[in-house]
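In what follows, a single structure is set out as C-alpha cells and then discussed.
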Amino acid sequence: MAVAAIPTGLLLGPVGVGVGVAALARIRRDGSRGTGLAWAGIALGVAVTLTAVAVVVALLVGAAATRPLPAEVSEPRSAHARQLVLGSCLAELPDDGPVASVRVVPCGDAHEAQVVARTDFPADARWPGQDAADARVSRVCTPAVLSGDAPAEGIELVVWSPSEASWAEGDRTGLCVASTAAPTEGSLID
C-alpha cells in the first residue's frame, strides 16, 4: 500500500494523503516496511493539493481583476485599470507609465480624473505596436467627448492604451481619461 501512495499522491493529491496515512497505519500494525514510501506519498499528496488550490485562487483573483466595474460605484474602492468603464471617476490620476491599480470613487465625490471615452480593439487582433495602439485611442480622446457643462479650461485628456504586456494578457481596451487641474465633483460626460 505504501508504494501506491506515491503515484496516487502525484495524480490525486488528497487521495494520496489518505492512502499514505492508511499505509502508515498498516505498517505500524503489521510491522512491515515502507514508512519512507508512505511519507513520500503523503508529502506529494499535500504538495499537489496545495498547488491545485493556489492555481484555483490565482485564476479567481485574475478573473476578478478584469471584471468590469459598474459605471457608478457607491463607495471608494481600489480597482485594476482593466476594470474601468466609461464614466469611472478616479480619486487621482496616476503618474505617467504603466497603470495597474487606481482608486475609483463615486463621481459625486471629489475626484481628479474620469474615463470619458473608450475604444475596443478586436479580441483576435494582433499586437499593432505601441505607436499604433496609442494613435487609435487618441482618435477617440478629443474634447468633443466632454459634456457641454464641463469647464472649458483646466482639463487635460490622457490616453491609456494597452501595452504589449497587457495585450498578451488579453487587454484590448483603450481609455481616454480627463484630468482636472483641481478636484471636481460630478461627471464630465453626459
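Heads up, the Cβ atoms here are built off N, Cα and C, so glycines get one too.
As written in TrEMBL, here are the features:
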- 4-53: domain 'DUF4190' (DOMAIN)
- 85-176: domain 'Septum formation-related' (DOMAIN)
- 6-25: transmembrane segment (TRANSMEM)
- 37-65: transmembrane segment (TRANSMEM)
What is the three-state DSSP composition of the domain 'DUF4190' (4-53), stated as helix, strand and coil residue counts?
45 helix, 0 strand, 5 coil
Confidence summary for the domain 'DUF4190' (4-53), mean pLDDT rounded:
73
